[in-house]
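J.: One structure is given below, represented as structure tokens, and several questions about it will come after.
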Amino acid sequence: MPNFKSKKIKEINLPYSKDDVEFLWLAKNDNVSLIYTKVQEESFFLQIKKAQNGFVIKGDKHTKPSKIGYLQKALKIFKEGFCEDIINEAFGLKNNALIEKTPFIVDNFDELLSRLQGKIYIEIGFGSGRHLLYQAKENPNVLILGVEIYNPALTQVAKLAKAQNVNNILLIQSDARLLLSVLKSKSVEKIFLHFPVPWDKKPHRRVIGKDFCKECARVLTQNGRFELRTDSFEYFNFTLEQFLTFPVPKFSLRKNENLEISSKYEDRWKKQEKNIYDLWVWNFNQECKNYELNEFNLSSVEFSKEDLKKIEQNFKNITIKKDDFFLHFESIYKQDENLLLKVAFGAFNKPEHCYLHLDKTIDFAFKEPFKIQENIKAINELKEILKVQFKI
């Protein structure tokens, strides 16, 4: 994560803008200050954290922009405008950094849904993008949707797609399990999962699980196919066991088969003479219904100035666990007379993190989370907890 350390920070008078970067407002607690930052069409927090002999300034990891160049540019402007005596820095805004809006990266779920049409393939964890771009070139009439949790991978593959004149891809930063849960039933032709982290010693951290397999079965078309490629026999066998729970699945199992395209990980494993396993699954024959997306309905909550004072005074780092969701109040920040809450919530295997802005009403400081049932339940619980636990 790009960052730098400064001995001194000047007085921060906001709003402040320069070179398409805007610093609009600041929220803080005893240890951390968050600056609401806009670069072109994206918003995120810069984080200022007290450290030994100075301050560390970096991007907040739960709101970081989809383009690393946006964060680098914001850090550069903040350093020049508000910092003195720079101790060290670990960022550099390169001339070829991806700053301009690219059509290949979608920033949120609503934008993604509006652009999904026709045949769709999904690649989970596309990494360097070799296989994703190969599929896009081989299938020009198919939309290749890549989902990845690491921002640098999105930027890198978007650059490659532009350079190679590949136009039938979409990239989104997300947990794959979240993405699948909001796609329409029977809308995807293929799902690729190539060389996932095997987590052989911590299988609970694998993306593969019963719920994930059910979601694959739901979103795949009647003849749609899930394809796993892995160097871990344990992962291969675990995945097979999960899909064997379906009534009449069909499988294709292969070992050490060379494909037309090879990832950098596959090249490495082959040099080490490791075995490579392929598992294809189809014919799920499962009746599925589209989920109805409810609203978070935050408009029903209103606060007085006295309410906000009580929330600030009584705030505790607490976690509430229910059968199918959780809610964790992580931190609270003061923003003038208003408050900012950082919370984690949702399904246990698909947690969300977000900031909630509290003034007379309550709203998400950034984009809304995915509207899956576990998230809806967690936000409803949050509204009740604000009244009961924090005594307003």
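Glycine is no exception: its Cβ is also placed from the backbone N, Cα and C atoms.
Quantities reported herein were computed from a predicted structural model and do not represent experimental measurements.
Feature table excerpt (Swiss-Prot):
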- GLU123, GLU148, ASP175: S-adenosyl-L-methionine binding site (BINDING)
- LYS201, ASP231: substrate binding site (BINDING)
J.: Here's one to test understanding: among the binding-site residues GLU123, GLU148, ASP175, whose C-alpha is closest in space to the C-alpha of ASP231 (substrate binding site)?
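T.: Comparing Cα positions, the candidate nearest ASP231 (substrate binding site) turns out to be GLU123.
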J.: I need the CA-to-CA distance for LYS201 (substrate binding site) versus ASP175 (S-adenosyl-L-methionine binding site), whole Å please.
T.: 21
J.: I need the least crowded one of these binding-site residues (GLU123, GLU148, ASP175), counting other C-beta atoms within 10 angstroms of each C-beta.
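T.: ASP175, out of the binding-site residues GLU123, GLU148, ASP175, has the fewest neighbouring Cβ atoms within 10 Å.
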J.: How big is the S-adenosyl-L-methionine site in terms of the longest C-alpha to C-alpha distance among GLU123, GLU148, ASP175, in angstrom?
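T.: Overall maximum Cα spacing for these binding residues reaches 12 Å.
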J.: Please state whether DSSP places ASP231 (substrate binding site) in a helix, a strand or coil.
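T.: For ASP231 (substrate binding site) - judged by DSSP and reduced to three states - the answer is coil.
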J.: Would you identify which of the binding-site residues LYS201, ASP231 has the most other C-beta atoms lying within 10 angstroms of its C-beta?
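T.: It comes out as ASP231.
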